[in-house]
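> Take this structure, written in structure tokens, and hold onto it; I'll ask about it next.
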């Protein structure tokens, strides 16, 4: 099946417009945009959006604080007196200031992007940009994905894989969430590959410097946003450079790429020092006695800091098998079956040129996927109300997002292999029907599944009501003791969470607050 040159761009552009509206509809009612929750104000400022996941809620709060109030951290004069217990989940206290517990890169990035927009359009636009910037990136990515995949697969497979990205349930789900970094990490990797591809073209001339620089910025940005992914991003880069050494030019490719990476490394360490007190700080580790953040290489599981970095959750085969089954089979069963079929046809294909390129892609994706399944699959998380029941909103779906996205070319190849069983006149309609079926599955999984967007939209409406009741019936200086309401009460109210691992200190902090006459 031959594809006219301009059809993919027009098709993907049209889908991008449609799915931009779809992805951003979690917070925007496009039938009456001015009535959407993002247009509400409280005390003369845009209303802080109540979000369901603590990490995202904290990222949003810090971006709000930085863009609208000019503060990069939250300061509380009672922090030292309460033994640093006065803070919500997903945060830590560094030098008596509240800092995000980890991955502050997305806070820095979105603050830099949104600040000038708010200055240009006014404070009322803050929430509008916050809830649309991630969907915007999510709908641009399939277009870049298509350009990248054409290097490894026939255009028809690249096009169908890119179309499927819009309806891939995990991509769809996280594209709707503001202030989360996982969509941005995948988008950064794909952007890096896109710019690297253009830098390889001799016809680009002097633009090769620029493309290589942008590739370096994008690739390093993925690490800046999620430093733990450096464990595979850096080795993959080294292997890629080694295998392509005959085609890579020091002047045009290596030098500008490295300059960009160094700039991003400087930005990363500055961010670390600012939020955690030193370059290797982490909010996931108990703060040091000096008040600075704990060391990123410290671990309670292992004596060796190297092992704590490479395998922070240990290596547990049974957990790996269980999590692989739950999140690559149970949750996305039709996609996984098609991926397996597509891999089979990729291996047996007889076209030498196509075989080499597609198998190279398969090698890298399979290697990275294996690492991710071992690294994250060894962990045990209970971050949803249903415990270890597989849901679309659990941590594993975020950690395996690379696998879901980069396996799509094999899904596309499987579809083209399956339509060969039909007569030529009906192959294209059958292909369209198959894509629609996957789209329906994507919709059902994204919206109707436990922890799906439909349930979360209802939760957000409930959070608005509960927050209004709390704010109406408590003093502004009150401290709220809560298990999970911190994600929509902070920073309107100071909080102490009952989920704290330092329960005795929390109880002592409550006594201190009561002794000082502060409403608790």
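Using N, Cα and C of the backbone, Cβ positions are placed for all residues, glycine too.
A quick note: this is a predicted structure, and the numbers were derived from the prediction, not measured.
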> Which stretch, out of 34-55, 56-77, 254-275, is listed as transmembrane segment by TrEMBL?
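Comparing 34-55, 56-77, 254-275 with TrEMBL, transmembrane segment matches 254-275.
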> Does the transmembrane segment (399-419) come near the transmembrane segment (327-348), with 3+ Cβ pairs under 8 Å (pairs 6 or more apart)?
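Contact confirmed: at least 3 Cβ pairs fall under 8 Å.
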> In the same chain, who gets a Cβ under 8 Å from the transmembrane segment (327-348) while lying at least 6 residues past its ends?
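Cβ under 8 Å, 6 or more out: 168-170, 358-359, 362, 373, 390, 392, 394, 396-397, 400, 403-404, 407, 409-415, 417-418, 437-438, 441, 445.
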> Residue list, the transmembrane segment (360-379) vs rest of chain: Cβ under 8 Å, 6 or more residues beyond ends.
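Non-local partners: 152-153, 231-232, 236, 239-240, 311, 313-316, 319-320, 323-324, 328, 343, 346-347, 395-396, 399-400, 402-403, 406-407, 409-410.
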